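Features reported for this protein in Swiss-Prot:
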type	residues	note
BINDING	114, 115, 116, 117, 118, 119, 120	ATP binding site
């Protein structure tokens, strides 16, 4: 039995979240009656309202009146008044991943998982399937610039989804094709141990049906070890690793992007195939690696070399992934979502490759627990930044942890050998600090998953106001 068409209003608690809003938008496009609530207005809420979805600001018990089902994310606590009202009225309550799984059952699905790179890789797979005329349905964890949204309903048989591992619910997703970009210690508040994280990714791959396949990056040692443990599913490996089935070669940085080749080697027949002259308009080896994963899927689904080149060459990127927000006096300001040490190091390396000037990093650490558990890694991931400006920790709902704060982080970076680290007293001081640090040709990279994105968009005009 599939999701019935005659189901009544579907109410989303926390509809403005990036994951929830995408599912709500696709359900609305399918003709279901969708409504929801969120703690505050945001761009996602505004976009959903434009589609005719009723969104209430604030959580109140009466918001769920008349709903046939209530969808909640893991961020919603048990004492939320709408969740409590739904349970009191015996309205079925489902988690975000369960509703996403229901949508996935309507199509053949590619699900993209990994500690980093999910959103960009999901967007690239979508762009490739679009270019191949497959018209996919897409539900992503970020705004795809080509769509202006994180979700779209396509007319084809394929769906492309970002599989969020943060709470373990990605194991509910019925993927026909799985991508695993990397596996690093993250979300230990849920998983408790890194071994549990690895076990979850193994189960994710083993959930793929016998007629499906998984695409896995063996440049990452944990993923390569995982490949060795999976016996009963078809695996396609990718990366710069000489042993990869789909190998990234001749990667050459060029301006704000890169060019490369991809070589395919069939383990059964020994046959090889090469796609050369691929140009990706995004900098960084990590983005070329993400593109290689997407290309591996595209070729398996029958796309031509020319369609692959065209899709990658025209890829418009994802909001908050190395997004240029403006310029001042020859200084370019970049906004990036990177908030884990591995992501930060990759973004700064890409910045270094795409600039002849200095790289100034502005970082807003995200969550006290993350800064505490990965402190050593945070103190060594800024080597490609000539200067680092450190803001206060963005709590994301967490209580402060004594001794884990901006100043402790500044001291840690200096102790680990960084030559130029400054604390940011308050957001209003950022423009003045950047004005003194940056010269024409430099890149200012704002990093974090909190409200630093607002600073990144305001900064060019604030610098202009200073003269």
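Including glycine, each Cβ sits where the backbone N, Cα and C put it.
Feature map: annotations from Swiss-Prot on the structure.
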residue : record           : Cβ within 10 Å
114     : ATP binding site : 23
115     : ATP binding site : 22
116     : ATP binding site : 22
117     : ATP binding site : 25
118     : ATP binding site : 26
119     : ATP binding site : 24
120     : ATP binding site : 31
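Of the chain residues outside the ATP site list 114, 115, 116, 117, 118, 119, 120, 112, 121, 181, 182, 290 have their Cβ within 8 Å of the site's Cβ mean position. Under the three-state DSSP scheme, residue 119 (ATP binding site) falls in the helix class.
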